[in-house]
């Protein structure tokens, strides 16, 4: 139903109800004009938005398990209703919304959460609201409505209208209004489960039928906490927009905002237009900067980092849908995850010829400039991705076995969907040779993209058979490289050092460029010369995943 305009009397009624917060304290909303400080109300006892409640928690404590009843979890900060109520739904209408607003000029980076709650035990309704700076617990209000559902809807819809200048019933056509909050599009089909229930289910399942090495691999790549910790490191706010909840459309909108930022950087517009584009991006993709001013994205490196963030978000969305699906049945959860990958993973015998060749390839192509770690090969899995063999361009010559590295959080997406090219809406900046799939003939060059550390020293490297065909050889980066192919099939960025062709061997029909690396004599007379080769193809059907390596990174002591 359409929200009715509040008359003055009704407005006073809503205001009076808003004072009935669950701890008996009043709460003030952040409705002050930009650039002005919000007044703080005097309170008895702990402040709703006080020092203890408003303190940014340590990253290690930020990964929460949400208790889900229905399609959306009750905000864990709503102590009065947690475990006693659920978010009210009518069909596909879920009365739960997270709003976000970033304004760099005034150091605004804030959220507003609204939920209509229904008690589990009886038909009592309430409206929970919480607001504050991203990364902070903020302030809150709990409005009780007894059994009056229409009153609860009216409060919910009016607050949504006040904060966004959009009507709740028209939210499918939501349009951001300057100076108002934006609505984060959430995927209510992707839900987190109660961890204790999940563990209980796992104990009831039969034992996994998978090889123990495959089980350990799946535990490594399907670890939700690892995914959250990685996103927190990239400043993404997992509290305001939990992983698995952002829709594909919301991520796409983030790419569109980055495209605007790219246009500003290329045009040399570092004023208002760039700031507004950054405001839009941070509003669409929530970031936690604590009390710091959200930084303006000014350089291609900073833009590239945000592109990587969205790529990781996309892969994590895929991973969480796979991990959280199909809890029913008599299969062990790991067996279900494996089946949903549609990708066979067969561990190689450490004494086999394939394992020994791959181990030699790994160690002999560790680049001399990557001296801060060594790599130990723990396991190798032969990969057979469903449909890749049939689609692969066998007709193209010059097939090489090349390296590709990525964060642990990305591997469910890679194994289930294959290596992919960046979407059309992504900015081209950040891709040295355009939107393609990148490979190396030096193992450590790709290993650097695993982003391993001393505390998290396990990573995965992929060896793919790549149909390079005829390469277009370039001496320097060019984001428009795909347009320069002119009938050729791939791009090769020429490096100063590379494995010598004298050491190349053949494995299962593919050339393996064994090391060690030697000087190629390549020099770019017009500028920077790449240290090592890069190989880029622009179509997934030129790639066939062959081996997945589980690596231990051994970081050298700094003193």
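Don't overthink the numbers, they just go from 1 along the chain as shown.
Glycine is treated like the rest: Cβ placed from N, Cα and C.
Taken from Swiss-Prot, the feature active site, for poly [ADP-ribose] polymerase activity covers 534, and the record attributes it to similarity to another entry. Among the features that Swiss-Prot reports, compositional bias 'Basic and acidic residues' is placed at 14-29. Taken from Swiss-Prot, the feature domain 'WGR' covers 84-181, and the record attributes it to sequence analysis. Sequence annotations record features per position, and here Swiss-Prot assigns domain 'PARP alpha-helical' to 207-324 based on sequence analysis. Taken from Swiss-Prot, the feature domain 'PARP catalytic' applies to 332-559. What Swiss-Prot records for 36, 37 is N6-acetyllysine, and it gives experimental evidence as the kind of evidence. As annotated by Swiss-Prot, region 'N-terminal region (NTR)' applies to 1-83, with the evidence given as similarity to another entry. According to Swiss-Prot, the feature region 'Disordered' maps to 1-58. Under the heading motif 'Nuclear localization signal', Swiss-Prot lists 33-39, citing similarity to another entry as support.
Every protein chain shown contributes to the tally, and the Cβ of residue 534 (active site, for poly [ADP-ribose] polymerase activity) ends up with 22 other Cβ atoms within 10 Å. Look at residue 534 (active site, for poly [ADP-ribose] polymerase activity): DSSP puts it in a strand. Taking the domain 'PARP alpha-helical' (207-324) as a whole, pLDDT averages 83 in the prediction. For the domain 'WGR' (84-181), the DSSP-based tally of helix, strand and coil residues reads 25 helix, 42 strand, 31 coil.
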